Amino acid sequence: MIILFVDFDYFFAQVEEVLNPQYKGKPLIVCVYSGRNEKSGAVATANYEARKLGVKAGMPISRAMELAPNAIFVPMHKEVYTEVSNRIMSIISSYSDKIEIASIDEAYIDITSKVKNFEEAIELGKKLKREIMEKEKITVTVGIAPNKVFAKIIADRVKPNGLGVVKPEEIEEFIKSIDIDEVPGVGNVISERLHSLGVNKLIDILSVSFDKLKEEIGEAKAFYLYRLATNSYFEPVLNKERVPHGRYLTLPKNTRDIKVIELYLKKAIDEAYNKIEGIPKRMTVVTIMQDLDIVSKSKTFKTGISKERAYTESIELLKQILQKDSRLVRRVGVRFDNIYKSKGLDVFFNS
């Protein structure tokens, strides 16, 4: 197998930097405020300038203010991050039909059938990074390895904006280099128990009896670590329903000319709808404005929507956006979700 893992670098904070270029290069902290006062709540994420000052995700905002009093503190804009994530996931999914979305800012794709060897995989990884940067102005880190776990570990080592590779002939030495705390799924409690057994490296697992390991951390976790240490972990990439069916296109120039925008919107619908295996019940028209702000409008259809009706309904949604927003449009796109698998005559009820 050749697995490619993608991690969006300091994602929430990076989106804020894209939308607010004046934040770039300054300590930036994205917060989840509790509402009691300006210091209550927790840090969601921070850019690398803030991390250098000791700020970490999950830290109380009050503590972050002590460590970085001159930092920029902003509230989370979850809908914006979700929209950007959906667009990036759409790009990633175009590189493989086997995609597993692990979180809002992480995904795995199986590229075994897309490349002949790891050299081609590296070139594909570079191409993916370039496309995401060109279209979304977001840097990502890519890890490539024979399994999902090693792909994530090597990516974590080369962040931010890196590309790390573990080739099959390098696996033996790579396994020896892995600290047990680097392994995904090994939290603080399990880490302490493993260290008490003398397990500091992943390879140290092999020096502990399986029964003892199972007694300390449970059979499932013991088996997981044993398989990693013996290079026998080959869990497949699992396709998840969260993969967005969307397409976004950049206009020739920023404009409010609805006829121009319509042409690109219809093209986006064609490309997105033709990839759907089933019938969508929800459609979202997305516009990215001249300042990279995102404005979207959605509509749900009880029995699903045909491509022909998607054309007409999308124009109505576009008109609603333009009526409420006076800015020029830079990009336009569409997203379909709530897909159901039924095929047949019911789609004509809404055509």
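Including glycine, each Cβ sits where the backbone N, Cα and C put it.
Pulled from Swiss-Prot:
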ACT_SITE  GLU106  active site
BINDING   ASP7, ASP105  Mg(2+) binding site
DOMAIN    3-187  domain 'UmuC'
SITE      PHE12  site 'Substrate discrimination'
Given a 10 Å Cβ-Cβ cut-off, pick out the one of the recorded positions ASP105, GLU106 that has the most other Cβ atoms nearby.
ASP105
Please classify the secondary structure at ASP105 (Mg(2+) binding site) using three-state DSSP.
coil
